[in-house]
Amino acid sequence: MDAKARNCLLQHKEALEKDIKTSYIMDHMISNGVLTVVEEEKVKSQATQYQRAAALIKMILNKDNYAYISFYNALLHEGYKDLAGLLHSGLPLVSSSSGKDTDGGNTSFVRTVLCEGGVPQRPVIFVTRKKLVSAIQQKLWKLNGEPGWVTIYGMAGCGKSVLAAEAVRDHALLEGCFSGGVHWVSIGKQDKSGLLMKLQNLCTRLGQEESFSQRLPLNIEEAKDRLRVLMLRKHPRSLLILDDVWDPWVLKAFDNQCQILLTTRDKSVTDSVMGPKYVIPVESGLGKEKGLEILSLFVNMKKEDLPVEAHSIIKECKGSPLVVSLVGALLRDFPNRWAYYLRQLQNKQFKRIRKSSSYDYEALDEAMSISVEMLREDIKDYYTDLSILQKDVKVPTKVLCVLWDLETEEVEDILQEFVNKSLLFCNRNGKSFCYYLHDLQVDFLTEKNRSQLQDLHRKMVTQFQRYHQPHTLSPGQEDCMYWYNFLAYHMASAGMHKELCALMFSLDWIKAKTELVGPAHLIHEFVEYRHILDEKDCAVCENFQEFLSLNGHLLGRQPFPNIVQLGLCEPETSEVYQQAKLQAKQEVDTGRLYLEWINKKTIKNLSRLVVRPHTDAVYHACFSQDGQRIASCGADKTLQVFKAETGEKLLDIKAHEDEVLCCAFSSDDSYIATCSVDKKVKIWDSGTGKLVHTYEEHSEQVNCCHFTNKSNHLLLATGSNDSFLKLWDLNQKECRNTMFGHTNSVTHCRFSPDDELLASCSADGTLKLWDVRSANEKKSINVKRFFLSSEDPPEDVEVIVKCCSWSADGDRIIVAAKNKVLLLDIHTSGLLTEIHTGHHSTIQYCDFSPYDHLAVIALSQYCVELWNIDSRVKVADCRGHLSWVHGVMFSPDGSSFLTASDDQTIRVWETRKVCKNSAIVLKQEIDVVFQENEMMVLAVDNIRGLQLIAGKTGQIDYLPEAQVSCCCLSPHLEYVAFGDEEGAIKIIELPNNRVFSSGIGHKKAVRHIQFTADGKTLISSSEDSVIQVWNWQTEEYVFLQAHQETVKDFRLLRDSRLLSWSFDGTVKVWNVITGRIERDFTCHQGTVLSCAISSDATKFSSTSADKTAKIWSFELPSPLHELKGHNSCVRCSAFSLDGILLATGDDNGEIRIWNVSDGQLLHLCAPISIEEGTATHGGWVTDVCFSPDRKMLVSAGGYLKWWNVVTGESSQTFYTNGTNLKKIHVSPDFRTYVTVDNLGILYILQVLE
């Protein structure tokens, strides 16, 4: 203790011992931490009051400066002001080193100054808000002894007063700026007499030693003058703190060149005073962690031990310090009421959350209500109108102009009043303003005006209808996004069911909205308002929702597809189809092109939802434990989280520096784990997307991650190419266990349903089971042995065990490797059953249904299969993905499953709907003959049988044959010819099905086959580089042999001549009667990929893998023109009917139109790239064809496109269900088109008349 302080205490020891009662004083000193309970007992043990006082003072004399100041403060608080006055002169300026409290500069000097100035103490339960406190202190430093105003403003209960007190609890600030002290005045809502009383009290405090202080000021003006004299002469470097100022006129009484810090709900209160002004808004509430910290302090528990309701309470409190403190104080009294208070918050029952405290109001609704009551009468109703705004929604000024029927400037003036009074918040975006309410303000208004809400929503809709037509809103309008997002909400809330149905069942609205915001929000609205929409027509609602769900991957892309054309692909009974047809017919009259898919009745779409959340391959996707959300990850290095029912995006996280290979929800859905090629494992908060942990102990890429199934103690397992498995406890920063045993990459891991075991799969050909508690290997099953034949040495056979999945009872496990799924008994390691999926594909992933015997299997040939694991029967074949399927997973209840693919999409399928699809799938080998009123399609199906399909009626004749590789029809539909994989060729006579077989055939698979015009001769080519000419009626053969490599294709010319092209880079012209070569053109360095012949048969074109195309004359050995400019393989070409134009298509999706006479480029037809690096046209352009008048061009690639040849612009796009179209067959009148996609779906399209 300082000598001055010690002497002062000794000097007045006798007076102190005579008068003080020690018990209350010791309470203060114990709470300050300067006296112990043991010391208190020693004092209490003394017999008389005098002896107890003497013992206490003796103890204080042996302590430090902090004990002296604590004793001084205790005397003040307990009413011994005269005795405290005796000790005042001995107060040390700073505490001694032994008792120094460096917490934010809160020294004993600071405590003394604040105590003298009447600054409130810290609340018993207190958490720091360092950023805001620092911001206030910075503004106070700016005053630097000069007059000025620092304003802390914010809504009711946001902690302004606590922040103001905390800001001055700083030694450096008080010593450097306010050495004259700090004086706190609580203002509140005052009239003139109340303000005069406040001023009188302040003058008395400041002028205690002045003679004129005996007479109080008689009016506000006198008080203002006296205050000015006191502040300038006696307290020149002091800070005046005015707490809770409501009215500007109040501040005029203090406007006398002082340094003032004030708290208020109304930012504009300082508009009426002079001098520098600084403003600190308190908008943001407490974060989740701070809120939990407050609750934990109130109930005296560790944060991690708080019940699950604590997190929900913080969420419902929206960060309000007042509400968190009120709830915490109530819970301290009633510790079992967590669920009750959560329910009151959720039901907006603020009246039931009441607690007396140092705050002026016992409940939040009281605090907010007083602010609203203070508004001018003429604008109160406008504030009531804001009751219909949704939380977290920023509303443009224009919306409120529509609602109130006022000019922009008038609306902005009204709203600024609300903003100034902290009843509304404003965001400036360029020249325009957006306004929003705090969540608690929304709750307060909703509860206060509950009886008026429907009328208020109706007013909003009615005003909208006065100003706008729903589908004519343009992106340039300031308010358009608000109406697209919330018009349906206002209609539903207004009870305007008829108007809501008209809106939601309008294709115009669907088109306009999806073009701007994508389909997910619309799907959400169909789900949200299903109960209303079903009142009109539940089938129509189903039609629209299904249309959006299944076309979501198209409707979210750029360029935006023609929604009317998509609608025409819906079933004819669908309301979407009927509206699209009506609209299309109107647009056809203005010259627009639309196509009808006339054979679509046979197609059933089995997916429930298709979403495209990624810009690259999707490697994994999984359901949350409640089945409400899906998380996905992939090659674009992101983690995406979206709603499982609607596809609405919830989180978009740039998760890793390299491809993300796997993701998993924790059992309580609180966290998502991701692992990556970058060797890292990361844990994310599944609600906020914040990074919680990063683990970096694997030395190679991490392939898989999986959480335990129970939430009582969360563990995460990861497997890596470094051959190790690791177990992670989320409460620890380092790996809990590393499991050694695999000799190659760990590809997959899964905890057993009871979490006792961990199964792991590896490229070493084994499945291992590990004891989770001890992290020891319990069992190793050699999966490779199930793939060995007797003659195979084990070391020569590589078996990568791709994945595993447990049965619900935990006794069995399925594993996938190569093309087999094996069901194993974990107790005996025995094989119970196996499923063989076929030789042509490998299994990528599999999952076991939680409630039945189904397994879903992803295959490399883009297909997903559902199998009954016990009966070994395939239950379903799910086609729809356009590339490899990397992941499959059942929902927790088994009612649906998801699939994730290289094609950037995730599909959700309903298990019960995906029954065995009896439709036979077509191969892409077809031939089409167009006759006057009919077309016939000859197709090869997946059982390698032949189907003869009447295009108009859809009637099918089956011509069963095995291993068909190609087929063709004779021009007059009298015969069918086909070649097979073994090189045999056959002809079937129609309609009696008599078969003629070629006696010679080819040595390898037949690839192309064609009748001559008279149908008497059949020409075929195969992989053996020979072209065979077979007059099947006379059994005469001619063999065209000269190509050095496989013949790519051929075309018949006039006069018994034939043009063929080959992988050897040459084009040859043959006489098919003699078998001689008439012309031999060495056309390209690379493979000749296609040739086209002009209609006058004088020219032909050749395209090549060398990125060029050439135009040739049959009479000249060198090309007429070499066409350069393509940046990839030129795969196809076609002449216009008059021979003036040539179109070429390449593997980048570009089509170029050239002038044949001079070889000049006329147009480049290239669809806009969807994503950087993605091929346009959905892939390679494989076929092109001009209309007879050469005004239009149709092209085949990933889908079909029609082009305006004059402008080079796209006229229409038809998105097929699958992709990779090989060829398009076009009728002579250019009105009918036939193709087959890679899913085996046949499209017969007709131009809509």
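Glycine is no exception: its Cβ is also placed from the backbone N, Cα and C atoms.
As given in Swiss-Prot:
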DOMAIN    1-90  domain 'CARD'
DOMAIN    106-415  domain 'NB-ARC'
REPEAT    655-694  repeat 'WD 1-2'
REPEAT    697-738  repeat 'WD 1-3'
REPEAT    922-958  repeat 'WD 2-1'
REPEAT    1042-1080  repeat 'WD 2-4'
REPEAT    1083-1122  repeat 'WD 2-5'
REPEAT    1214-1249  repeat 'WD 2-8'
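Panel annotation: around the repeat 'WD 2-5' (1083-1122), residues 1048-1049, 1051, 1053-1054, 1059, 1061-1063, 1065-1067, 1069, 1128-1135, 1137-1139, 1142, 1144, 1146, 1154, 1156, 1158-1159 of the same chain, lying at least six beyond its termini, place a Cβ under 8 Å from a Cβ of the stretch.
Listed by sequence, the residues of this chain that lie at least six past the ends of the repeat 'WD 2-1' (922-958) yet keep a Cβ under 8 A from its Cβ atoms are 598-599, 601-602, 964-969, 971, 973, 976, 978, 988, 990, 1221-1223, 1225, 1227-1228, 1232, 1234, 1236-1238, 1240-1242, 1244.
DSSP assignment over the domain 'CARD' (1-90) gives 68 helix, 0 strand, 22 coil.
Within the repeat 'WD 2-8' (1214-1249), the DSSP-based counts of helix, strand and coil residues read 0 helix, 14 strand, 22 coil. Taking DSSP states H, G and I as helix and E and B as strand, the repeat 'WD 2-5' (1083-1122) has 0 helix, 19 strand, 21 coil. The DSSP breakdown of the repeat 'WD 2-4' (1042-1080) into helical (H, G, I), extended (E, B) and coil residues amounts to 0 helix, 22 strand, 17 coil. Mean pLDDT, taken over the repeat 'WD 1-2' (655-694), works out to 96 on the 0 to 100 scale.
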